[in-house]
Amino acid sequence: MGLLENIQSPADLKKLPRQELPQLAVEIRRVIVDVVSQNGGHLASSLGAVELAIAIHYVFDTPEDKVIWDVGHQSYAHKLLTGRRQQFATLRQHGGLSGFTKRSESPFDPFTTGHSSTSISAALGMVCANRLQQKNNKVVAVIGDGSMTAGLAYEAMNQAGDLHKDLIVILNDNDMSIARNVGALSSLLSRTLSGQRLQTWRKDLGEFLKSVPKIGDNIYQWAKRSEESFKTFITPGMLFEAFNFDYFGPINGHNLAHLISILSNIKNLRDPVLLHVTTQKGKGYARAEENPVYFHGVGCFDVTTGASTAPSCPLPTFTQVFGETMVHLAEHDDRIVAVTAAMPEGTGLAAFAERFPERFFDVGIAEQHGVTFAAGMAAEGFRPVVAIYSTFLQRAYDQIIHDVCIENLPVVFAIDRGGLVGEDGPTHHGQFDLSFLRSLPNLVVMAPKDENELRRMLVTALRHDGPIAVRYPRGMAVGVPIDPNPAPIPIGKAEVLTEGDDMLIMAIGRMVPVAMAACEALKPLGIACTVVNGRFVKPLDSQCIVRLAERIPHILTLEDNALQGGFGSAVLELLNDHGVSPLNVQRLGLPDRFVEHGSPAILYAEYGLDVAGVVRAARQLMARVQPRPPVTVVARGN
Ligand SMILES: Cc1ncc(C[n+]2csc(CCOP(=O)(O)OP(=O)(O)O)c2C)c(N)n1
Ligand SMILES: CC(=O)[C@@H](O)[C@H](O)COP(=O)(O)O
Ligand SMILES: [Mg+2]
């Protein structure tokens with residue numbers, strides 16, 4: 001029987017003698033690799049944090065002591081050690097364990113995570129709350145070097161250093177974000193090794209100088225006085241010490257004995273502490289060590305070869321089409337620059353980065369800065385395309401308004417992962433973008449029905465002299481032929497795809513093919529549909545929509561966005577403003593709740609956004625609503 005099988009909680013872990021812990025790490029890695037090879041998940045980061053999880057639960061008294069895993073994608077070992085071993089095979093599956101930490105899942109998860117760089121703020125909040133409650137527990141934030149590139153982390157450090165609370169931050173430095181980590185901080189952290197060499201060199205030099213009569217001693221005294229600036233110039237400690245943190249490290253984050261002994265000491269300190277540990281992404285599984293970018297977030301794979309076992313994808317993804325189109329368009333327009341916030345692969349910009357390194361900017365996990373940086377470039381005559389996942393763009397809302405839209409600057413927002421993303425769940429679904437963007441003056445908001453339209457929308461965006469967003473989903477495109485010379489689309493023009501007199505289905509983005517399939521399925525039931533591809537959520541094609549709505553008595557709107565304030569709401573407002581009455585409109589979209597994790601197919605079916613769901617809704621609408629009498633149109637607004 002293995003060691004892991006006997007661990008129901010950290011109390012069982014604490015019973016193990018220290019010398020058995022490395023064997024436990026081996027067993028944990030085996031389980032993680034097995035389950036992720038079946039379910040997909042964040043493998044490399046979790047493999048790198050196995051010893052950290054063991055040492056933390058060995059030393060601290062969780063759940064009274066709180067541990068916050070930043071992003072939470074590295075928390076699989078933590079889950080296995082905190083009573084979730086038996087459910088671990090359900091990781092990221094619908095109804096199963098979350099791929100991140102989640103308060104509702106376990107008392108050992110004090111904070112729900114998924115977006116990066118929240119851990120220090122949350123931990124500081126907990127320390128302050130706990131002290132007000134006269135509790136003496138410890139709070140630990142574990143944050144990666146990539147997540148440490150976000151401003152939010154420094155806002156928290158700034159306050160923590162000022163409050164002087166006994167917060168513990170563990171910086172898990174593997175020199176990687178999803179891609180290779182970027183930025184000045186990253187270079188500072190990787191100077192650690194040379195810093196250590198320098199310490200040795202400095203000691204030797206000091207001894208030598210002291211041995212030189214008179215003059216040598218003077219130089220030694222001067223060098224000693226300058227030692228602090230000299231040392232900190234070269235090591236990362238200075239940065240954290242400037243925030244009033246006691247800095248320890250760097251130590252090897254895979255050496256359990258060292259980790260346990262230093263954590264046991266740190267536990268007793270009363271100051272803010274930063275422990276810098278170095279780890280290897282993918283540790284213990286050779287394939288992931290060799291290719292940590294691929295194994296950061298991976299689908300199903302064969303454990304022996306590391307090769308994907310996911311059904312092969314016959315079509316390109318929207319992301320790939322976006323990436324290829326960017327390269328193509330940038331060949332002909334040197335004003336085009338691309339911005340990513342630490343996701344060159346995920347956003348499809350890796351090829352652009354290779355082809356145009358000077359016109360490619362990875363700002364790190366810094367969405368807010370990325371948007372304002374793009375605004376700066378636009379103000380100087382460039383055409384920045386900011387490619388950010390829908391969910392992460394939420395971070396930059398003020399920058400979109402204040403720095404881009406108010407000034408009407410020509411920034412293109414390429415918003416990937418619009419709609420439900422699947423197994424990453426509620427922290428990652430792109431559920432709100434149409435709603436939060438639709439209310440912004442000057443901003444045009446588009447969503448393509450297929451990959452060819454995505455290309456056309458990019459061309460449209462780059463010709464438009466103002467802010468404009470194109471939003472598209474995760475995963476496979478539709479498989480339509482690609483026009484090598486994509487033509488722009490007139491701003492605000494919808495597309496009527498098919499005509500019928502019983503029902504008007506107005507859809508946006510990925511829901512357009514669903515609307516077309518539902519239209520086909522409704523034909524044999526005697527329901528003839530007009531299907532409109534909205535193309536623009538803002539501005540709407542008011543002429544087309546009002547004209548059709550006046551003629552067709554039943555109206556369905558369809559979107560993979562929150563119903564509140566989304567495409568359907570926009571259509572309703574438009575029809576109301578134009579006095580179309582009565583309004584027999586049924587809006588289909590995501591309800592007013594956070595959508596759980598699971599495969600997109602399951603989730604879309606659950607929310608009635610698959611073909612069967614649309615057919616059901618159409619039949620119910622036909623049954624519920626009598627055809628309206630000839631329409632009275634009272635003009636009210638525009
Ligand atoms: C706000 C935000 N932007 C982007 C991401 C996507 N993302 C998830 S993990 C990650 C890299 C994190 O790097 P690091 O903190 O060093 O952890 P590692 O994977 O190296 O363990 C990124 C960019 C995110 N989760 N949140
Ligand atoms: C943890 C995280 O935020 C990312 O790794 C995210 O899971 C990537 O999602 P995609 O798989 O859609 O690129
Ligand atoms: Mg990292």
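Cβ atoms are placed via backbone N, Cα and C, with glycine included.
TrEMBL annotations: computationally assigned, not manually curated.
Pulled from TrEMBL, these are the features on record:
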{"type": "BINDING", "residues": "H73, G114, H115, S116, G146, S147, N174, Y285, E367", "note": "thiamine diphosphate binding site"}
{"type": "BINDING", "residues": "D145, N174", "note": "Mg(2+) binding site"}
{"type": "DOMAIN", "residues": "316-480", "note": "domain 'Transketolase-like pyrimidine-binding'"}
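Residues from the binding-site residues list (H73, H115, E367) with a C-beta closer than 6 Å to any atom of ligand 3: none. Here the Cα atom of N174 (thiamine diphosphate binding site) is found 7 Å from that of D145 (Mg(2+) binding site). Packing around H73 (thiamine diphosphate binding site) is summarised by its Cβ count: 26 other Cβ atoms lie within 10 angstroms of its Cβ, all protein chains included. Proximity of the binding-site residues (H73, H115, D145, G146, N174, E367) to ligand 2: a Cβ under 6 Å from the molecule is found for H73.
Counting in whole angstrom, H115 (thiamine diphosphate binding site) lies 14 from D145 (Mg(2+) binding site) by their C-alpha atoms. Secondary structure at E367 (thiamine diphosphate binding site), taken from DSSP and collapsed to helix, strand or coil, is helix. Rounded to the nearest whole angstrom, the C-alpha distance between H73 (thiamine diphosphate binding site) and D145 (Mg(2+) binding site) is 14.
Its Cβ taken as reference, G146 (thiamine diphosphate binding site) is surrounded by 29 other Cβ atoms within 10 Å in the chains shown. On its own chain, D145 (Mg(2+) binding site) has L171, N172, D173, N174, D175, M176, S177, N181, L185, S186, L189 as residues at least 6 apart in sequence with a Cβ closer than 8 Å to its own Cβ. Within 10 Å of the C-beta of E367 (thiamine diphosphate binding site) there are 29 other C-beta atoms, taking all protein chains into account. According to DSSP, H73 (thiamine diphosphate binding site) is assigned to coil rather than to any helix or strand.
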